[in-house]
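J.: Below: one structure in structure tokens.
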Amino acid sequence: MSDSQTLVVKLGTSVLTGGSRRLNRAHIVELVRQCAQLHAAGHRIVIVTSGAIAAGREHLGYPELPATIASKQLLAAVGQSRLIQLWEQLFSIYGIHIGQMLLTRADMEDRERFLNARDTLRALLDNHIVPVINENDAVATAEIKVGDNDNLSALAAILAGADKLLLLTDQQGLFTADPRSNPQAELIKDVYGVDDALRSIAGDSVSGLGIGGMSTKLQAADVACRAGIDTIIASGSKPGVIGDVMEGISVGTRFHAQASPLENRKRWIFGAPPAGEITVDEGATAAMLERGSSLLPKGIKSVTGNFSRGEVIRICNLQGRDIAHGVSRYNSDALRRIAGHHSQQIDAILGYEYGPVAVHRDDMITR
């Protein structure tokens, strides 16, 4: 084995169930065995687990429930405890303790809570405890959810200071087309940057048990790679896949980490789920992307959502493309009032000002 590394392993519902309606315990046993072997060799392992809703549905005998958020949260509340018990039971076979962390988007949006979560996660790792992370589906609403465990795993990798992120799925990796419908589809083995062409070929999962598809895995890979973390999408059913990844053996699709990774504050900005969105005109788009300029109120066309000063927001061009994330200097109501106006007019419009820019270039990451 090489020197100690930190690996985040994300296990989707389709991997944990094998595409069935219940958890595939035999397969989970094998995945834990691989993780335990790496743990014994001195590596630091973080698990990001899906499967709470599937576990709850199985435990309750597959009840007929309405397709509502409340039903999903009911199943998650029942299943989360069952799921963590399973992880605890299996890792205890190898004398390994686990620590559960349930996160929501609010833990990532707020810088102080982000740092607290980071400190907790790293304390677990420093004490040779395997963190088991999931989104707090039992209480999270659409407004406070990260949205899927792919993006959650990228955030976990940033929190952990991971070397590698492994996204295990029901596919071998990213293909040039959907291999389920196109026999000519070829596996893409290496990716050196996520672009629009790559996003256009990403399809969706068809397991029906989870909410993450290949597009969310691309988002996660983009975030992790820009933070300096190699990301691999591979099949969870491939024998020895976790060990192979740690050994550097080529499996699935490898997204190579950015050579000059973002510094810590910008990792948070890039990874934090946006609290709102603004659309900017062509002049502002060119200024930010081509000249690295700050965003001025004059270039703002519209503001979507309600957010506070200091929160991370998404910046889109007129075609709706996500071109940047940044920390807003003004809240959403203030931005709506000063949108399209020159910076010299801010004080006259609002009665106060926090400077001439809406988002400063030092608080911005372009996509």
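Numbering starts at 1 and runs along the chain as displayed.
Cβ from N, Cα, C; glycine included.
I grabbed these lines from Swiss-Prot:
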BINDING   Lys10, Thr169, Asp170  ATP binding site
BINDING   Ser50, Asp137, Asn149  substrate binding site
DOMAIN    275-353  domain 'PUA'
J.: Return the residues near Lys10 (ATP binding site), defined as same-chain residues 6+ apart in sequence whose C-beta is under 8 angstroms from its C-beta, sorted by sequence, else 'none'.
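T.: Counting only residues 6 or more apart in sequence, the Cβ neighbours of Lys10 (ATP binding site) under 8 Å are Val48, Ser50, Asn149, Asp150, Leu152, Ser153, Leu165, Leu166, Leu167, Leu168, Ala220.
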J.: What is the number of other Cβ atoms found within 10 Å of the Cβ of Asp170 (ATP binding site)?
T.: 19
J.: If you run through the domain 'PUA' (275-353) with DSSP, how many residues end up as helix, strand and coil?
T.: 28 helix, 21 strand, 30 coil
